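Enquirer: Mind having a look at this structure? Questions to follow.
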Amino acid sequence: MGNISIKTAEDIQGMRIAGRLASEVLDYITPFVKPGVTTGELDRLCHEYMVNVQGTIPAPLNYCPPGYTPYPKAICTSVNDVICHGIPGDKVLKNGDVVNLDITVIKDGYHGDTSRMFFIGEPSILARRLTQITYECMWLGISKIKPGAHLGDIGYVIQQHAEKAGYSVVREFCGHGIGKVFHEEPQVLHYGRPGTLEKLEAGMIFTVEPMINAGRREIREMGDGWTIKTKDRSLSAQWEHTVLVTETGYEILTQSAGTPAPPEFIVPPAATQQVVNA
Ligand code: MF3
Ligand code: CO
Ligand code: CO
C-alpha cells in the first residue's frame with residue numbers, strides 16, 4: 001500500500017498520446033481480423049504499423065518479467081479458451097472463433113495498454129453473451145473510479161456482474177498501474193469487496209482488464225511459458241482500457257476513432273474543469 005505513483009501533468013500528456021496510439025493499432029488491424037488470417041499475420045501487420053507508421057515500440061517484444069522467458073512477439077492473440085498471453089503464430093482463424101488482441105505500445109517512454117474482443121465470422125450465442133458481459137464488467141469497474149473510492153469497489157462490481165451471469169473471474173492475472181513502467185503498483189484485482197484495498201487519488205493511472213471464463217475460473221499454463229488457457233476448456237473473454245483517475249472520476253486514455261461506445265448504463269463523469277478565459 002502507499003506506493004502508487006501520482007502522475008505529473010507532463011506524464012498525463014504522454015500517457016494520453018501512448019494510450020491513443022495503442023487504441024489506433026486496434027483500429028488499424030480490425031479489417032484484417034477475418035476467417036483465414038493467421039495470428040502471426042496479425043502480429044506482423046501490427047508490428048509494422050507500430051514501428052513504421054506510428055514510431056512506437058511494441059512493449060511485449062522481449063518483455064521478460066522475473067521467472068518468464070522473453071515474450072517473442074509484438075502483440076498477444078488469445079483465441080477461444082486462451083485466457084491471455086496467446087503467442088501469435090501459424091494458427092488460422094476460422095468462422096466462429098473469438099479472439100482478444102492485446103496491444104501495448106511505448107511512445108516517448110510512456111506505455112498505452114488496451115485490448116478488444118473480435119468475432120471471426122458468426123459467433124455462437126455463448127461467445128456473443130460472454131463477450132458482452134465481459135465488456136460490461138470492464139465498464140462497471142471503470143465506473144467506480146474516482147478519488148476516495150477503493151480498488152475493492154472495482155473488483156466487487158466486476159465479480160458480481162460476471163457471477164450473476166453464471167461466469168467466473170480469473171484470479172491469477174489482474175489490472176496494473178502503468179506509466180514509464182509496463183506493470184507497476186497497484187494490482188487491480190477483478191474480484192473483491194467494497195471499501196477494501198487502496199484508496200484512489202487523482203493522478204493515478206492503471207488498467208482495468210477483466211478476464212472472464214464461461215466455465216470455471218481455474219487456469220492451465222501451456223509449455224511455451226506464456227499462453228494461459230481455461231482448465232476446463234471453456235471460452236474466455238477480456239477487454240482492457242488504461243484509465244486516469246481525475247478530480248471528478250476518470251478519463252479513458254486508450255481512446256481513438258474506433259473505440260467501441262460504452263454500454264448504455266454508463267454516465268460519464270463531469271468534464272474536468274477547463275480554463276475558459278485564460
Ligand atoms: N498487455 C498485457 C497486459 O495487459 C501484458 C502482456 S505481457 C506480454 O498487461 F509479454 F505477454 F506481452
Ligand atoms: Co494490461
Ligand atoms: Co494489455
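Cβ coordinates come from backbone N, Cα and C, glycine included.
Just lifted these from TrEMBL, have a look:
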DOMAIN    14-247  domain 'Peptidase M24'
BINDING   H85, H183  substrate binding site
BINDING   D102, D113, E240  divalent metal cation 1 binding site
BINDING   D113, H176, E209, E240  divalent metal cation 2 binding site
Enquirer: Around E209 (divalent metal cation 2 binding site), which residues of its chain at least 6 apart sit with Cβ under 8 Å of its Cβ?
Expert: D113, S115, M138, C174, G175, V188, H190, Q238, W239, E240, H241
Enquirer: Please list, in sequence order, those binding-site residues from H85, H176, H183 with the Cβ less than 6 Å from ligand 3.
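Expert: From H85, H176, H183, counting a Cβ under 6 Å from ligand 3 as near, there are none.
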Enquirer: Looking at the binding-site residues listed here (H85, H176, H183), whose Cα lies nearest to that of D102 (divalent metal cation 1 binding site)?
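Expert: Spatially nearest to D102 (divalent metal cation 1 binding site) by Cα position is H85.
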Enquirer: What binding-site residues among H85, D113, E209 have a C-beta sitting less than 6 Å from any atom of ligand 2?
Expert: D113, E209
Enquirer: Sort D113 (divalent metal cation 1 binding site) into helix, strand or coil using the DSSP assignment.
Expert: strand
Enquirer: Based on DSSP, name the secondary structure state of H183 (substrate binding site): helix, strand or coil.
Expert: coil
Enquirer: For each of D102, D113, count the other CB atoms within 10 A of its CB; which of these binding-site residues has the top count?
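Expert: The residue with the most neighbouring Cβ atoms within 10 Å is D113.
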Enquirer: As a test of reading the model: what is the averaged pLDDT for the domain 'Peptidase M24' (14-247)?
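Expert: Result for the domain 'Peptidase M24' (14-247): average pLDDT 98.
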